[in-house]
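Written below as structure tokens is the structure these notes are about.
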Amino acid sequence: MIIRSPEPEVKILVDRDPVKTSFEEWARPGHFSRTIAKGPDTTTWIWNLHADAHDFDSHTSDLEEISRKVFSAHFGQLSIIFLWLSGMYFHGARFSNYEAWLSDPTHIGPSAQVVWPIVGQEILNGDVGGGFRGIQITSGFFQLWRASGITSELQLYCTAIGALVFAALMLFAGWFHYHKAAPKLAWFQDVESMLNHHLAGLLGLGSLSWAGHQVHVSLPINQFLNAGVDPKEIPLPHEFILNRDLLAQLYPSFAEGATPFFTLNWSKYADFLTFRGGLDPVTGGLWLTDIAHHHLAIAILFLIAGHMYRTNWGIGHGLKDILEAHKGPFTGQGHKGLYEILTTSWHAQLSLNLAMLGSLTIVVAHHMYSMPPYPYLATDYGTQLSLFTHHMWIGGFLIVGAAAHAAIFMVRDYDPTTRYNDLLDRVLRHRDAIISHLNWACIFLGFHSFGLYIHNDTMSALGRPQDMFSDTAIQLQPVFAQWIQNTHALAPGATAPGATASTSLTWGGGDLVAVGGKVALLPIPLGTADFLVHHIHAFTIHVTVLILLKGVLFARSSRLIPDKANLGFRFPCDGPGRGGTCQVSAWDHVFLGLFWMYNSISVVIFHFSWKMQSDVWGSVSDQGVVTHITGGNFAQSSITINGWLRDFLWAQASQVIQSYGSSLSAYGLFFLGAHFVWAFSLMFLFSGRGYWQELIESIVWAHNKLKVAPATQPRALSIIQGRAVGVTHYLLGGIATTWAFFLARIIAVG
């Protein structure tokens, strides 16, 4: 008789056919809500339909069902992303000058859009070089394609088709995992398993496969391109993968195969896994061999990290234990209870993820110019400016989203009866101290940062330059920042003995790198002007945080409205008969936070745009003399408000204002139109609902007179709807205005 250990029970983690697929139901507007499904009585119906369609919390209170809807929606989102990517690659294949750009990236601009002549719009097709006429693009796709080893438009076609297949696959997966095999709640809450798969699978194997692609395909192809070989002569990717001798000609260590790996003689691989630092002088981008090495190292770290958490085998960390062990001397119960919050409130989970992803996106913005990862990216000033601006805006929106979902968690998911003396409870109990101190910091920063500028404007107006804060009079040098720069500039040979150059040329020390007579990057000097504007950054960021954090900490209750939690996430006022209680909902804090986020990011991208044109970007003569686009005027001009208005906004707007009749005229029209969209927002923000309701009733009266009144009663927008429309147009108008201003300028002079 054989005694067996009991078989481990396999947990069934999916439900089969939980929701039937019904086109009839999908075709009924508002099928997710009993009230909305009845159809419209008033025009408010269409607003409620849009507001609640994706608010899954309002469709059901069953956490499992909500989780499944979110999970399924993620596949829909991925499908849209693949569709978008496919469109980008298709434009590269069908409408672009990619192959021409590849053969001469310093003299030919990237273009992937040719405008059809209908009523004269073909004026927009500017000459981008090499005899190609089209709209210059600034997305950085060409540089990315070159870095990944794409050498022909046929390869772009194939990738575009592949992305379409994946888009279809994702749509199918979204349907399948909601209607056919929907995961149970336990599956969504199994955090250790999720961590293992995401860390080892997505990040670990993802980085490893990218490192493999770089080593076997990108590096050899880029090696040939840098040497000036015609792209059509370069072997195709599969030839490098299948033929080891081909690679061994470029990287001798390939001849030895995996022997050095297993004999621990890893330094043999140093010909394609380097640790140089700095930029490749041919392309002005990071060394691609450094990047391959980086991805290999990252892959190893994440593969290890993906084996740290306890799943089926009973070994490893449990996240609940880690959190509950986290107790400081002053934090009471510490992180006890956080595990339950993060596994039952997807808003809390999303809030943390948005905060971290938003911060990471802003870090990406700063690395794209200081460590330009792709060949010929650094000398494409339009793309550099666009990538920085784009990632700053995205980061700002994500961080505001983090506050929004933190507040929704507080209102909908927070249970005060089970939370006592843990970290969150302690934060909430001393929220008055937090907010009043933060408010003081904002007032201090606001008066002092702005005061320095006002002082300078006044002294300048009175003709007393010797009494101004500037590099040539009263100096306020950013000594801490300069110390950090210096430390990094000295790091190679000290803290990083293998590296030949520092992580970024911007730190100082190194010479400039120029490609095709244009500056790619050089040490960025910091002075009084930067010190002043950095304190404006500190001010605007602190005010944004003040508004958002106050919204979160007072989302459930305040002295003014103790029962705020019962009123929900968004409400206009605390009912009739309680004056002075409007605009206090958590939603209103997000609304106000968006304006200050817009302020913060605007100052950052203005600072970046002017600083780079003044101190970095420009041309290099044969004698090595650098001529910057605005001739280094940042240090002396940006220290007064007047300087910002006169030498940045007005002086640099000349290109967009004078763009009519040229290939940049679309930016002139966008500049005008976006100003109009922005002004349109003020109509919603500075106007009361009653005004519009009265106006509508007069108009309805006229329709009744003529017997053309509709069955659906027109209603003025609610207060919340009006503010939502207002902030949307404010941001859309402001961002599009800035976009047109930046691009017309930098394409003309860059």
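Each Cβ is built from the backbone N, Cα and C atoms, and glycine gets one as well.
Feature annotation from Swiss-Prot assigns transmembrane segment to 70-93 (among others); the stated evidence is sequence analysis.
Annotation source Swiss-Prot lists transmembrane segment at 156-179 (among others). Residues 17-21, 68-69, 71-76, 78-80, 82-83, 85-87, 89-90, 92-94, 98, 145, 150 of the same chain sit 6 or more residues outside the transmembrane segment (156-179) yet have a Cβ under 8 Å from a Cβ within it.
As annotated by Swiss-Prot, transmembrane segment applies to 195-219 (among others).
Taken from Swiss-Prot, the feature transmembrane segment covers 291-309 (among others), and the record attributes it to sequence analysis. Within its own chain, the transmembrane segment (291-309) is flanked in space by residues 191-193, 195-201, 203-208, 210-211, 214-215, 218-219, 272-275, 316-319, 373, which lie at least six positions past its ends and keep a Cβ under 8 Å from the stretch.
Sequence annotations record features per position, and here Swiss-Prot assigns transmembrane segment to 346-369 (among others) based on sequence analysis. With a cut-off of 8 Å between Cβ atoms, the residues of this chain six or more beyond the transmembrane segment (346-369) that come close are 66-67, 70, 377-378, 384, 387-388, 390-392, 394-399, 401-406, 408-409, 412-413, 521, 608, 612.
Annotation comment: Swiss-Prot describes 385-411 (among others) as transmembrane segment, evidence class sequence analysis.
Sequence annotations record features per position, and here Swiss-Prot assigns transmembrane segment to 433-455 (among others). Within its own chain, the transmembrane segment (433-455) has Cβ neighbours under 8 Å at 427, 468-469, 476, 532, 535-536, 538-539, 542-543, 545-546, 549-550, 553-554, 639-641, counting only residues six or more beyond its boundaries.
Annotation source Swiss-Prot lists transmembrane segment at 531-549 (among others).
In sequence order, THR581, CYS582, GLN583, VAL584, ILE719 are the residues of the chain that are 6 or more apart from CYS573 ([4Fe-4S] cluster binding site) and have a CB within less than 8 Å of its CB. Residues or ranges marked as [4Fe-4S] cluster binding site in Swiss-Prot (evidence: sequence analysis): CYS573, CYS582.
Here Swiss-Prot flags 589-610 (among others) as transmembrane segment.
The transmembrane segment annotation in Swiss-Prot covers 664-686 (among others).
As annotated by Swiss-Prot, chlorophyll a binding site applies to MET683, TYR691. Within the same chain, the residues at least 6 positions away from MET683 (chlorophyll a binding site) whose Cβ sits under 8 Å from its Cβ are GLY726, listed in sequence order.
The feature phylloquinone binding site is assigned by Swiss-Prot to TRP692, with sequence analysis given as support. A helical conformation is recorded for TRP692 (phylloquinone binding site) in the three-state DSSP classification.
Per Swiss-Prot, transmembrane segment is recorded for 724-744 (among others).
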Cβ under 8 Å, sequence separation of at least 6 from the ends of the transmembrane segment (724-744): give me the contacting residues as numbers and ranges.
138, 382, 385-386, 389, 393, 591, 594-595, 598, 602, 605, 609, 652-653, 655-656, 659, 664, 667-668, 670-671, 673-685, 717
Under 8 angstroms, Cβ to Cβ: which one of 70-93, 195-219, 531-549, 589-610 has the largest number of such pairs with the transmembrane segment (385-411)?
589-610
According to DSSP, does MET683 (chlorophyll a binding site) sit in a helix, a strand, or coil?
helix
In terms of Cβ proximity under 8 Å, which residues at least six beyond the ends of the transmembrane segment (70-93) contact it?
54, 56, 112-113, 139, 141-142, 145, 153-154, 156-157, 159-161, 163-164, 166-168, 170-171, 173-175, 177-178, 183, 188, 346
Neighbour tally for CYS582 ([4Fe-4S] cluster binding site), based on other Cβ positions within 10 Å of its Cβ:
13
Between the binding-site residues TYR691, TRP692, where is the Cβ count within 10 Å the lowest?
TYR691
